[in-house]
Ligand SMILES: Cc1cc2nc3c(=O)[nH]c(=O)nc-3n(C[C@H](O)[C@H](O)[C@H](O)COP(=O)(O)OP(=O)(O)OC[C@H]3O[C@@H](n4cnc5c(N)ncnc54)[C@H](O)[C@@H]3O)c2cc1C
Ligand code: SF4
Ligand code: SF4
């Protein structure tokens, strides 16, 4: 971390917390993490309110790019305003500041992780998932390619996963990096730079997509990876005000042989354990299937060389037609993965969400929660997060487990990972 001191006022000097617009991939993670709403954004940049940020550092570990970890010493009256920050294409350099940050009476705080002050003076961890990877996870590479220096991949496959007449169009897209290194791990994501720009003449910023293939390639031994991309359509009311999504439509329309500008990889915590006896509890909806597919496929390949850990999957979609990878999933052996599919809009069937199925399988979920070697992954639409955590809490209670204690332990041990968007 680059911010030895948090953003705070000391002797008239502010160590101002800023976000690097050249590196930021606009994933919203920091805005969600900040316990006091110090981060906001417009269509261009993510920015920090100087007068609100208290330098608690909660937003720093979850940021997948490190863009959040920027600090500039400024005289308090010269602090960069939100308007300044919205207008930046690059971060300003550190200028000279007349007043010393080490002035007598200057307060310093240790970077504190995801913490906020509770009314009684206690600090409370505000992150819902772990900010550490599993202890045995492989070391990820991050930020090898940036907005300034992207790499180029070639589309070697693009096909629709969901039924042609299904409402939701989800594509499986395979990108090949040829001879250029692009090392990834399951659970990481990449950024795609769509061509063109916004109405005000700026280049489009990158959009983030989870990697759906294992570390050794969509096809083992090839320098390629796959993505699971859902078209964001205005017509389906996905749009805030009726505009088709820029990047998802660009990606879904790509043809074999097309070139794509890629940045990343990103993500250093939502990673799978490497020790073969570890159990995975995976809970996802829609394109949240991407990292689960990557992990499952890695384990399937590893199984042949002795991975013994259990895999349990809860996967939700509106209907079987809209569930990406439905066919391949249902063909995986039952003794390899315990698959539970929840459909919320199946004709003639009651609505079922992943949390309903989890509750129905409470003893088996609890067995995993009890296990010292279980790792939990939640990925998909933001709306699912609350329900899944409630279901885990209810199951724990029903099965005689102390959820608050267990939850804290899972987070501390890098065993509960949540990625919703
Ligand atoms: C960690 C992470 C992992 C992700 N993984 C995946 C994945 O595996 N698969 C996947 O499909 N997605 C994934 N996403 C989501 C993805 O990054 C994109 O957000 C998504 O594809 C939409 O991007 P877009 O460019 O198509 O839409 P955008 O152009 O960004 O638009 C998004 C929405 O906002 C509306 N909107 C935006 N700007 C305006 C404006 N100025 N005026 C009017 N409306 C506007 C659009 O109508 C649209 O509905 C992930 C996101 C994160 C953070
Ligand atoms: S990349 Fe980092 S700074 Fe940018 S929005 Fe995501 S978490 Fe925030
Ligand atoms: S999480 Fe903490 S350091 Fe980050 S912006 Fe919010 S108050 Fe500032």
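Cβ coordinates are placed from backbone N, Cα and C, and glycine is handled just like the others.
Just so it is clear, the model here is predicted, and its values are computed rather than measured.
What TrEMBL lists as domain '4Fe-4S ferredoxin-type' is 15-44, 46-73. Residues or ranges marked as region 'Disordered' by TrEMBL: 100-131. Residues or ranges marked as domain 'FAD-binding FR-type' by TrEMBL: 148-272. Sequence annotations record features per position, and here TrEMBL assigns NADP(+) binding site to 210, 230, 287, 344, 345, 380, 381, 419.
DSSP assigns residue 344 (NADP(+) binding site) to coil in the three-state reduction, placing it in neither a helix nor a strand. Most Cβ neighbours within 10 Å, among the binding-site residues 230, 345: 230 holds that distinction in the structure as shown. For ligand 1, none of the binding-site residues lies close by, meaning a CB under 6 A from one of its atoms; the full candidate list was 344, 345, 380, 381. In the three-state DSSP scheme, residue 210 (NADP(+) binding site) falls into the strand class. Local packing around the Cβ, expressed as the count of other Cβ atoms within 10 angstroms, is greatest for 210 among the binding-site residues 210, 344. Sequence-distant neighbours of residue 287 (NADP(+) binding site) (same chain, 6+ residues apart, CB-CB distance under 8 A): 170, 210, 228, 229, 230, 324, 380.
Neighbours of residue 380 (NADP(+) binding site), defined as other CB atoms within 10 A of its CB across all chains, total 26.
In the three-state DSSP reading, residue 381 (NADP(+) binding site) counts as coil. For residue 419 (NADP(+) binding site), applying a Cβ distance below 8 Å and a minimum sequence separation of six or more within one chain yields 129, 187, 210, 270, 288, 291, 377, 378, 379. Cβ neighbours within 10 Å of residue 381 (NADP(+) binding site), excluding its own Cβ and spanning all shown chains: 14.
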